[in-house]
Every structure is written in C-alpha cells, then in structure tokens.
Amino acid sequence: LTTTVVSFPSDSASDGRDNEAKDERSDMYELKRNGRCCHPACGKYFKCGR
C-alpha cells in the first residue's frame, strides 16, 4: 500500500516524460519518411521544409 501511494506520483511523471519522448521519436520518423525533419538526429534528412 505504501509503495503504491509513494510510487504513484513518480509513475505519472515518468509516464508523461516517456510518452513525450515516444511522441518526439515518432514525429521524427514521420518527418524523416516525408523527406523533412526538424530533429538533428535525422542527420542528412535534417531540414524543416513545410
């Protein structure tokens, strides 16, 4: 019971960060597939054409 109560806030926070990171990665790959990318990790695909 104690661990559940204690870990709940940190679980929510880490879930938020994890989801944000996953969204960022999926956006990066989506843009890379479309031939444009605003993330340096895309390397030679790094560009932000609209």
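Cβ atoms are placed via backbone N, Cα and C, with glycine included.
Copied from Swiss-Prot, the annotated features are:
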| type | residues | note |
| --- | --- | --- |
| COMPBIAS | 1-13 | compositional bias 'Polar residues' |
| REGION | 1-26 | region 'Disordered' |
| SIGNAL | 1-7 | signal peptide |
| COMPBIAS | 14-26 | compositional bias 'Basic and acidic residues' |
| DISULFID | CYS37-CYS42 | disulfide bond |
| DISULFID | CYS38-CYS48 | disulfide bond |
| MOD_RES | CYS48 | cysteine amide |
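In the shown protein chains, 12 other C-beta atoms lie within 10 A of the C-beta of CYS38 (disulfide bond). Under the DSSP three-state reduction, CYS48 (disulfide bond) is assigned to coil, being neither helix nor strand.
CYS48 (disulfide bond): 9 other CB atoms within 10 A of its CB, across all protein chains.
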